[in-house]
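What follows is a set of notes on a single structure, which appears directly below.
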Amino acid sequence: MGVLPYEGEIIWHKKPTLGYVPQRLEFDRTFPLTVKELLLLKTKGANFWLPKESALKEVVNSLNHTRAGHLLDKRVGKLSGGELQRVLIAYAIFGQSDFLLFDEPLSGIDIEGEMTIYGLIKHLAKELNLTVLFISHDLNIVSEYADSVICLNKKLFCSGVPEKILTPEQLKALYGAPITFYLHKHEEPVKHHHS
Amino acid sequence: MTVFPSFIFQMISPTVFFVGVVVALSASLLGVFVVGRRMALISDALSHVALPGLAAGLLLGFDPFLGALAVLFFSVLIISSIERQGILSFETLVGIFFTAALAIGLLIIPEEHLLESLFGDIAKIGYLEILETALLGFLILFFIVFFFREFSKITFSSDLAWGEGLNVNRLNLAFLLLLALSVAMGIKIIGALLMGALIILPASAAKNAAGSLKGLTLLSIIFGLISVFVGLFLAGAFQLPPGPMVVMVSAAIFGLSLFVRKA
């Protein structure tokens with residue numbers, strides 16, 4: 001977000017539309033916003049008040065992609081943790097986003113829920129031809145789902161395909177201690193790039 | 001025609017009708033975001049900040065409305081800029097300004113005007129007031145409608161708004177200025193003291209009853225309009241001050257809304 005100095009440049013095939021899924025969303029649970037309305041807030045013109053057929057269709061479509069179609073008229077404040085994740089991902093892809101940024105979005109959700117959402121993201125990326133940048137410290141998840149990894153610990157440590165990168169030697173250098181990735185080490189961020 | 005004394009019709013003349021509609025619309029629309037953000041006491045406090053401006057106008061012989069507007073406007077700007085230094089919270093600063101302004105207001109306001117400034121006097125509405133209300137009302141309604149999505153996102157979650165690159169600080173300042181404008185606008189009709197109530201009550205009642213943001217907004221407008229009309233009518237019928245009557249009706253609607261609560 002422009003907070004840290006950086007060097008280098010990012011070259012895009014074409015300028016992407018970014019969808020951002022935050023780690024944890026602080027929001028007012030008493031505000032009576034429905035899931036449909038949340039997505040419609042992203043539209044232009046009078047679509048919030050009198051949504052066009054096409055806009056409504058796109059809302060339903062986005063929600064269906066994250067298996068959240070049944071939550072359309074539910075209030076956002078009443079969703080469970082897993083439901084909220086799926087709605088937020090639907091919100092991120094709504095409006096033809098082609099690049100999704102996940103900032104450790106799944107903390108606080110049980111492992112089973114997590115696994116299904118990781119699978120969902122992988123599925124979405126393929127189906128909608130999305131680029132997904134996923135920030136995670138969970139090496140199991142990284143090794144299972146990433147096409148390409150960037151390891152960061154203050155500086156760039158390594159980048160490439162997970163099987164080649166996540167070797168004991170590399171991990172030792174990254175974490176400063178011998179480690180194999182089935183050991184959950186929750187201290188250092190590992191950038192996980194999947195495209 | 002003999003059932004109601006003629007002053008009732010004076011009370012609900014086209015002039016009063018127009019001013020009432022504009023004040024009710026602005027207050028109840030802003031209320032949607034005030035209540036959502038838990039800023040309720042801030043709008044209340046702002047309505048007191050207006051007093052020294054009113055007093056200065058009355059003392060020095062210029063339009064008290066302009067005095068109130070100027071004081072509100074600069075208070076909001078000063079509060080926002082001090083808040084950005086990050087030492088004192090917004091609520092604390094509003095609390096300081098509000099009590100200081102109230103003290104100054106009470107000291108300098110001419111006694112015979114005190115009640116009028118606190119509770120409004122709709123009988124004194126003339127062409128100038130209509131013009132002022134129309135201009136301010138148009139400005140406020142335009143901004144709320146234009147930035148409805150942005151204000152909704154910030155009210156729902158400022159995190160989400162940040163994430164999308166909205167300038168949350170600037171939008172918050174704009175919102176406070178709109179709030180200050182609507183308070184200044186309502187002073188003539190229901191008074192400084194009670195304008196805060198007209199912002200909070202219809203939206204709170206609507207929040208009890210609504211299941212969606214659309215519902216909340218529409219209900220808040222309807223409750224605001226009913227409060228103003230029924231309040232003015234009752235004030236005329238029983239020869240009571242209009243400001244408190246409007247607020248009483250609004251509070252009664254809020255009471256009823258508790259029974260249809262959608263927890």
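The backbone N, Cα and C atoms fix where each Cβ goes, and this holds for glycine too.
As recorded in TrEMBL, the features of this protein are as follows:
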type     : residues  : note
TRANSMEM : B:12-35   : transmembrane segment
TRANSMEM : B:56-82   : transmembrane segment
TRANSMEM : B:88-109  : transmembrane segment
TRANSMEM : B:130-148 : transmembrane segment
TRANSMEM : B:173-201 : transmembrane segment
TRANSMEM : B:213-237 : transmembrane segment
TRANSMEM : B:243-260 : transmembrane segment
Close approaches to the transmembrane segment (B:56-82) from elsewhere in its chain (Cβ under 8 angstroms; 6 or more beyond its ends): 46, 49-50, 88, 90, 93-94, 97, 101, 108-110, 113, 117, 128-129, 132, 172-173, 176-177, 179-181, 183-184, 187-188, 192
Residues from the same chain, set at least six apart from the ends of the transmembrane segment (B:213-237), whose C-beta lies under 8 A from its own: 4, 7-8, 10-12, 16, 20-21, 23-25, 27-29, 31-32, 122, 152, 189-190, 198, 201-203, 205-207, 245-250, 253
Candidates B:12-35, B:88-109, B:173-201, B:243-260; stretch with most C-beta pairs under 8 Å toward the transmembrane segment (B:130-148): B:12-35
Among B:12-35, B:88-109, B:243-260, stretch most in contact with the transmembrane segment (B:173-201) (C-beta, under 8 angstroms): B:12-35
